[in-house]
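J.: Could you have a look at this structure, given as structure tokens, before my questions?
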Amino acid sequence: MVRTLLVRGLWAGLLAGLIAGGFAFAFGEPHVDSAIALEEAAAPPAHEPAGSSAHGSDEPAAQASGEAAPHDHGHDHGEEAVVSRPVQKAGLFLATGLYGLAVGGVFALVFAGLRGRVGPRSDGRLALATAGAAFTAVVLVPFVKYPANPPAVGDPATINDRTLLYVVIVLVGLAATAIAVATARRASSADPWVRWVAAAGGFLVPVIAAWMLLPGVDEVPGGFPATLLWEFRIASLGTQVVFWAAFGVLFGWASDRVSARHAATTRPATAPPTSPTTSSTPPSPASSS
């Protein structure tokens, strides 16, 4: 059963990743192109000497010169990108597909452990509920504190610190989800509204504490268009919404089919009902009077 769920999870993750890749290609890539165009327009020409940037001498030296100052999207000012944009756009589907495979495998194993122990009895509903909880923990909680930024936003020198903070907030979201589930199970004998309030409290307390205690990161340049920034962020969040919604539906449908097939194979065989037999005796010859 676990192996079957794992295979279904991998397939559902791959398909959901490709669907999310299509959404990101249609709604996210145009904003990436716009951000890269802004960055290239703000960069000095490659032949300009260091310090002669049109932005003035108070700009950082790495921006004023054409030297290697790597950014999140992987190309340098005044130099050709190592990977061209058409190749990057094609690689988007590879990246989202691999992401879907990884998520699908881990999700299937977690689902197999939760099945029959937590949540709805229906596998399809449990898959949707688990996908929603996972989206909240690993996407929504980090997004509120550290939303995604397009290229040209962010200091390359702080990328390790920002990555560490993002991992910490993801772990907080997962831990808060586990606390909420455990709290709801302990309050299983109480009224439904009590269970919901207890679960919500177990989730929100650590999450809000992390939002307040973790340091903020604001590295958006002063002249960067706010509209472009938030359009990119919404497209990034929308890509995750599409992925988790598609994955929850696909995996829920597949797990329902697996459980139905498993129930059919394990159902004890019953003998077909037999129709009552009537014994018929040949008619006796009529007696002659």
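Even glycines carry a Cβ here, placed using N, Cα and C.
Keep in mind that this is a model prediction, so the values were computed, not measured.
Relevant sequence annotations retrieved from TrEMBL are reproduced here:
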- 43-54: compositional bias 'Low complexity' (COMPBIAS)
- 69-79: compositional bias 'Basic and acidic residues' (COMPBIAS)
- 43-79: region 'Disordered' (REGION)
- 264-289: region 'Disordered' (REGION)
- 92-114: transmembrane segment (TRANSMEM)
- 126-144: transmembrane segment (TRANSMEM)
- 164-184: transmembrane segment (TRANSMEM)
- 196-214: transmembrane segment (TRANSMEM)
- 234-254: transmembrane segment (TRANSMEM)
J.: If I count Cβ-Cβ pairs under 8 A between the transmembrane segment (234-254) and each of 92-114, 164-184, 196-214, which range comes out on top?
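T.: Between the candidates 92-114, 164-184, 196-214, the best contact partner of the transmembrane segment (234-254) is 92-114.
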J.: What same-chain residues lie close to the transmembrane segment (92-114): Cβ under 8 Å, and 6 or more beyond its ends?
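T.: Result: 1-2, 5-6, 8-18, 20-22, 24-25, 29, 126-127, 130-131, 134, 239, 243, 247, 251, 255.
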